[in-house]
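What Swiss-Prot records for 4-101 is domain 'PH 1', and it gives sequence analysis as the kind of evidence. What Swiss-Prot lists as N6-acetyllysine is Lys64, and the listing cites similarity to another entry. The feature phosphoserine is assigned by Swiss-Prot to Ser113, Ser117. The domain 'DEP' annotation in Swiss-Prot covers 136-221, and the record cites sequence analysis as its basis. Here Swiss-Prot flags 244-348 as domain 'PH 2', drawing on sequence analysis.
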Amino acid sequence: MEPKRIREGYLVKRGSVFNTWKPMWVVLLEDGIEFYKKKSDNSPKGMIPLKGSTLTSPCQDFGKRMFVFKITTTKQQDHFFQAAFLEERDSWVRDTKKAIKCIEGGQKFARKSTRRSIRLPETVDLGALYLSMKDIEKGIKELNLEKDKKIFNHCFTGNCVIDWLVSNKSVRNRQEGLMIASSLLGEGYLQPAGELSKNAADGMAEHPFLDNPDAFYYFPDSGFFCEENSSDDDVILKEEFRGVIIKQGCLLKQGHRRKNWKVRKFILREDPAYLHYYDPAAGGEEPLGAIHLRGCVVTSVESNPDVRKSEEENLFEIITADEVHYFLQAATPKERTEWIKAIQVASRTGK
């Protein structure tokens, strides 16, 4: 049987010979990590066995290069990967550590099911509950919260979740709410944000979920992001960088002159609505370019004459108010839909 694919996506990998950083399509399997030059390639450029390997995160060996983690094999070979943002790195680290642990224990990798361990009643439909929690009018309100000089965008507190469960009559009391919230967390419907909630989720507290105003959580597809809040009042950001970050990640972008496709890291901001793109391998903070989204049109594209038939999937196009065309490619249909929706929302806000 083929090893199960646990997670896949773009990461920047440090070369083992020339020490250069390059974006790769990375696939986490039950027994190893494969990396490809392009997502469409059939054969991997390399494979890292996970048996006996150790993982280090955060890895701060490279100064300003953020969100790096290191995998050291039994042969003492170090492999360095860089994610586009904090939550992406944490997801890779969490799943990779779990895969290594499963190999050690001779178990099959499975997302943690809390239904059995917490004795959750079979009548509780966590999926339906999650959709109710996300309801724009009656659900949990997403906020921008500040703690330890960091701003947590699109999140909410642990006690707000329990308040909502009780007031919505989903549970009879706060203790029962804690049990349900822990199950939602275990099944991936809620994600921890910040040290307090992450430590609890990793088993450092009595319950994985905290009924606490200082414990922050977010919905996995909400566009959550944590950013440093500079206390220096003299720093005046460029107007286009003032907007709140609502989504980020890697996409393929077509060049305007040569029409070739390259992996770029994108950061989407609203009010003012801008989509900045960066060279993920450079590790720098200066964008290669910016797309002003106010009044733009964004649509999915089913074919493009400049793209090979085998690589035509998940394309979309942004046409700015100045009629500049940008062609982008997501990794999956779901990811394309998420980007299109987020850009449409941003394009209608602010300047």
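Every residue, even glycine, has its Cβ placed from backbone N, Cα and C.
These figures come from a predicted structure and were not determined experimentally.
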Residues of the domain 'DEP' (136-221) by DSSP state, where helix covers H, G and I: 33 helix, 19 strand, 34 coil
Local confidence of the prediction over the domain 'PH 1' (4-101), expressed as mean pLDDT: 91
Three-state secondary structure, which DSSP defines for Lys64 (N6-acetyllysine): coil
Structural state census, the domain 'PH 1' (4-101) (DSSP three-state): 16 helix, 41 strand, 41 coil
Helix, strand and coil residues within the domain 'PH 2' (244-348) as assigned by DSSP: 18 helix, 45 strand, 42 coil
